[in-house]
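Listed in Swiss-Prot:
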DOMAIN    21-56  domain 'EF-hand 1'
BINDING   Asp34, Asp36, Ser38, Thr40, Glu45  Ca(2+) 1 binding site
DOMAIN    60-88  domain 'EF-hand 2'
BINDING   Asp66, Asp68, Asn70, Thr72, Glu77  Ca(2+) 2 binding site
DOMAIN    90-125  domain 'EF-hand 3'
BINDING   Asp103, Asp105, Asp107, Tyr109, Glu114  Ca(2+) 3 binding site
DOMAIN    131-166  domain 'EF-hand 4'
BINDING   Asp144, Asp146, Asp148, Arg150, Glu155  Ca(2+) 4 binding site
Amino acid sequence: MGVASSKILENLMEGTNFDKEEIERLRKRFMKLDKDGSGTIDKNEFLTIPGISSNPLAARLMDVFDEDGNGTIDFQEFIMGLSAFSGKTSKLDKLKFAFKIYDIDRDGYIGNGELFIVMKMMVGKNLQDEELQQIVDKTMMEADEDGDGRLNFHEFKNAVDSKSVASALTLNMI
């Protein structure tokens, strides 16, 4: 392993909850997912991950993993994104990842429209838009502690702070 590669590995180990062996296994998994050998995973390749293709939030997951917004996921983004799903990841870090799912425009806040869009992805056609909007409005009213019409991370955390969120954000990829 070259100096650059070992520095990347070191950074990944520091920035995630994965050890060297887990990162190596995930690298092999990444290479299998990268069907065209481009060194990145595109949306179609991402959707072949078990548990992702059937997830109603698959498109949002892709966007959150794709930190630089270029439409593909490189190995570092893959590892960083998967780290949120590790059983070793703290509840706080899992909540930060969940917050990113809702924060579509990446401005550090969840607005009414963003909450509606993500919840619509989850409920699909099971609720009429009017019913869903009522739920979104009620959620925003209850969670928006400072009354600015949007949720910051602290408000989001307080609204969803429960063991079920952390356990729901655990995925066995290794």
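These residue numbers are counts, starting from 1, taken along the chain as shown.
Glycine too: its Cβ is placed from the backbone N, Cα and C atoms.
This view paints the features noted in Swiss-Prot onto the structure.
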residue	record	DSSP class
Asp34	Ca(2+) 1 binding site	coil
Thr40	Ca(2+) 1 binding site	strand
Glu45	Ca(2+) 1 binding site	helix
Thr72	Ca(2+) 2 binding site	coil
Asp103	Ca(2+) 3 binding site	coil
Tyr109	Ca(2+) 3 binding site	coil
Asp146	Ca(2+) 4 binding site	coil
Glu155	Ca(2+) 4 binding site	helix
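Confidence annotation: the domain 'EF-hand 4' (131-166) carries a mean pLDDT of 87 in the model. All chains included, 18 other C-beta atoms sit within 10 angstroms of the C-beta of Glu77 (Ca(2+) 2 binding site). Other C-beta atoms found within 10 angstroms of the C-beta of Asp68 (Ca(2+) 2 binding site) number 10, with every protein chain shown included. The binding-site residues close to Thr72 (Ca(2+) 2 binding site), defined as a CA atom within 10 A of its CA, are Thr40 out of Thr40, Asp103, Asp107, Glu114, Asp146, Glu155.
Long-range Cβ contacts of the domain 'EF-hand 2' (60-88) within its own chain (Cβ-Cβ under 8 Å, at least 6 residues beyond either end) map to 8, 11-12, 15-18, 23, 26-27, 30, 38-43, 46, 52, 94, 96-97, 100-101, 104, 118, 121, 169-173. Considering other CB atoms within 10 Å as the measure, the emptiest surroundings among the binding-site residues Asp66, Asp107, Asp144 are those of Asp107. Arg150 (Ca(2+) 4 binding site) is 6 Å away from Tyr109 (Ca(2+) 3 binding site) when you measure Cα to Cα.
Taking the Cα atom of each, Asp144 (Ca(2+) 4 binding site) and Asp107 (Ca(2+) 3 binding site) are about 16 angstrom apart. Fewest other C-beta atoms within 10 Å: among the binding-site residues Asp34, Asp36, Glu114, that description fits Asp36. A straight line from the CA of Glu114 (Ca(2+) 3 binding site) to the CA of Arg150 (Ca(2+) 4 binding site) spans 10 Å.
Among the binding-site residues Asp36, Thr40, Glu45, Asp146, Asp148, the residue whose Cα lies closest in space to that of Asn70 (Ca(2+) 2 binding site) is Thr40. Distances between the Cα of Asp105 (Ca(2+) 3 binding site) and those of the binding-site residues Asp34, Asp36, Ser38, Thr40 are shortest for Thr40.
Sequence-distant neighbours of Glu155 (Ca(2+) 4 binding site): residues of the same chain at least 6 apart with a C-beta under 8 Å from its C-beta are Ala143, Asp144, Glu145, Asp146.
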